[in-house]
Amino acid sequence: MELYECIQDIFGGLKNPSVKDLATSLKQIPNAAKLSQPYIKEPDQYAYGRNAIYRNNELEIIVINIPPNKETTVHDHGQSIGCAMVLEGKLLNSIYRSTGEHAELSNSYFVHEGECLISTKGLIHKMSNPTSERMVSLHVYSPPLEDMTVFEEQKEVLENS
């Protein structure tokens, strides 16, 4: 079975899903890493490849490819909740808190192949690939992404005395 058909079967009937529903459904895709290969895009307008492969009124599914030593911007997902499963490599997920126009780093952790990360409504984060191999992940958001906010990362300034 092709990835699109698996997604339709697994996600097509979901109505107003929770983060747990999204994670459970993602993990049900058989051979997700292999089935996702034809949908992996190289970077174009962003520092990473992004391919929206499925969308209905309830959710949107995207394949993300972050090349070695690249990262996303610091962002939120608007009014959407989400879940992402790492299919290849590992990613560093950095959580931020808003300080107005800027965002301040709060916490970071690695997500390894086969593991999921969740995004609750209002979560601000950045995904990075600090390794020498690409990182590929499969993301599902509900409702479909709209009105995302990109934040300027607040860097620590060290003073010389």
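Placed from the backbone N, Cα and C atoms, the Cβ positions cover glycine too.
Listed in Swiss-Prot for this protein:
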| type | residues | note |
| --- | --- | --- |
| BINDING | H75, H77, H125 | Fe cation binding site |
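The Fe cation site is set by H75, H77, H125; from the centre of their CB atoms, other residues of the chain with a CB within 8 Å are T72, V74, D76, S119, L123, I124, K126, M148. In the structure shown, the C-beta of H77 has more C-beta neighbours within 10 angstroms than that of any other entry among the binding-site residues H77, H125.
Under DSSP, H77 (Fe cation binding site) is assigned to coil, being neither helix nor strand in the three-state scheme. Here the Cβ of H75 (Fe cation binding site) has 17 other Cβ atoms within 10 Å, regardless of which shown protein chain they belong to. Secondary structure from DSSP puts H125 (Fe cation binding site) in a beta strand.
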